[in-house]
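Engineer: As annotated by TrEMBL, GMP binding site applies to Asn160, His161, Phe162, Ala163, Glu164, His262, Asn263, His314, Gly315, Ala316, Gly317. The Mn(2+) 1 binding site feature in TrEMBL is assigned to His161. The feature Mn(2+) 2 binding site is assigned by TrEMBL to His192, His262. The annotation active site, GMP-histidine intermediate is assigned in TrEMBL to His314.
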Amino acid sequence: MFFLMRTACCRVFLYPFLGKMTEVWAELSAYEGEFDLEKENCILISSGKNWMEQAAKDQLLAVSRLPGVVKAVGLPDLHPGRIPVGTAVLSRGVLYPHLLGNDIGCGMSLFDTGVKKKKFKQEKWVSRLEAVRELEDIPFSNPYEEECPIRDLGTLGGGNHFAEFQCVERIYDQEAAGSLGLCADRILLLVHCGSRGYGQEILSRFWVPEGLADGSEQAEAYMAEHDRALRWAVRNRRAAAQKLLAWLGGASEPELLMDSCHNYLERTKDGLLHRKGSVSASKGAVVIPGSRGSLTYVCIPREDTAVSLNSLSHGAGRKWARSICKSRIDQKYDRDSIRCTGLKSRVVCHDTNLLFAEAPEAYKNVEQVMGVLQEYGQRIGGSL
């Protein structure tokens, strides 16, 4: 078994409640004693090499000051948005629907397509996919008895949602890779999407600035809808994979290897844990993608991640706002080159503006994010 070496200590920046930043070096083996979770209610896990906007830190601090918030954690991929993305927030007595955002259940599903690498024909698949403008155009019937709240089941939506065919680049931990079903000779499919318009519908019905009192009728009604959205987000990812493979002539029932959600609320023994752009470190291996121009990593969580509220990064995190991307790199790419990457992969997308908004340059370095997670004690099982 091969394990990546980790440094003896992890540099962690703490934002105490009053907002003055301090810096500490904490031995990984002594995390439990280094942090009093009742005193330090805002923690940012990062390092000097991992660039992070001040606006993201300010947003995290603001969230930590919401009534009922016990602790707010920023992960290495933290970046600003309507609310900070890359966070885990623990509250007691009150839950905040807006901390999850409108895409409840958004997450990553990694599938084994059943297609062997030697059978993969890139140009043939690209040509076939370019014939479809949207996944909505591929017919699909709801296979579940429950009525579907998603208008077009098996669709990705806009923004940074994607479906990416991948293969194993490198295995770092043979035992972990074997247990996860990662096969070096297979084509894999990573799907990133959520509950589509259903999540927005839920947020619009339940959002109030002061949050919802835990145990109230409104809170219970929200959680019922929230749990339904989680269920259908997983089904939506599977349906998208089924659609794609059926269209390409592959197996209609891809094998699910990993699934992790990064926008959801979890009831824990300590309180209400809101995750926005962060995944659970308590449910096994997780997939952490970068941009379309970088590799995806399989992360093996360590046993004790209490300091980060048992949460890990969900990706690389944005570096540029979508509104400025095209103006910054318009001269670098033409219509064809924007659809290719440094990894020699091809991008199929009919929206040129979206191609620029989601260009690799718009994202932070995922290797730096993974480096911070390794310092924090996590293992890399492989790269895709």
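Even glycines carry a Cβ here, placed using N, Cα and C.
Automatic, uncurated: that is what TrEMBL annotation is.
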Engineer: Cβ-Cβ under 8 Å from His192 (Mn(2+) 2 binding site), same chain, 6 or more residues apart: which ones?
Structural biologist: Cys106, Gly107, Met108, Leu156, Asn160, His161, Phe162, Ala163, Glu164, Arg237, Pro289
Engineer: Just how many other Cβ atoms lie inside 10 Å of the Cβ on Glu164 (GMP binding site)?
Structural biologist: 16
Engineer: Please identify, among the recorded positions His314, Gly315, Gly317, the one with the smallest Cα-Cα distance to His262 (Mn(2+) 2 binding site).
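Structural biologist: For His262 (Mn(2+) 2 binding site), the spatially nearest of the recorded positions is His314.
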Engineer: Rounded to a whole angstrom, what is the C-alpha distance between the residue listed as 'active site, GMP-histidine intermediate' and Asn263 (GMP binding site)?
Structural biologist: 10
Engineer: What is the number of other Cβ atoms found within 10 Å of the Cβ of Asn263 (GMP binding site)?
Structural biologist: 27
Engineer: Under DSSP, is Phe162 (GMP binding site) helix, strand or coil?
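Structural biologist: The residue in question, Phe162 (GMP binding site), is strand (DSSP, three-state).
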Engineer: Which of the three DSSP-derived classes (helix, strand, coil) applies to Gly315 (GMP binding site)?
Structural biologist: coil
Engineer: Just jot down the residues in the same chain as Gly315 (GMP binding site), at least 6 apart in sequence, with C-beta under 8 A of its C-beta; none if empty.
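Structural biologist: Looking at Cβ-Cβ distances below 8 Å from Gly315 (GMP binding site), excluding near sequence neighbours, one finds Asp77, Gly277, Ile288, Pro289, Gly290, Tyr363, Val366, Val369.
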Engineer: State which of the following recorded positions has the fewest other Cβ atoms within 10 Å around its Cβ: His161, His262, His314.
Structural biologist: His161
Engineer: Taking DSSP three-state, what's His262 (Mn(2+) 2 binding site) in: helix, strand or coil?
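Structural biologist: For His262 (Mn(2+) 2 binding site) - judged by DSSP and reduced to three states - the answer is coil.
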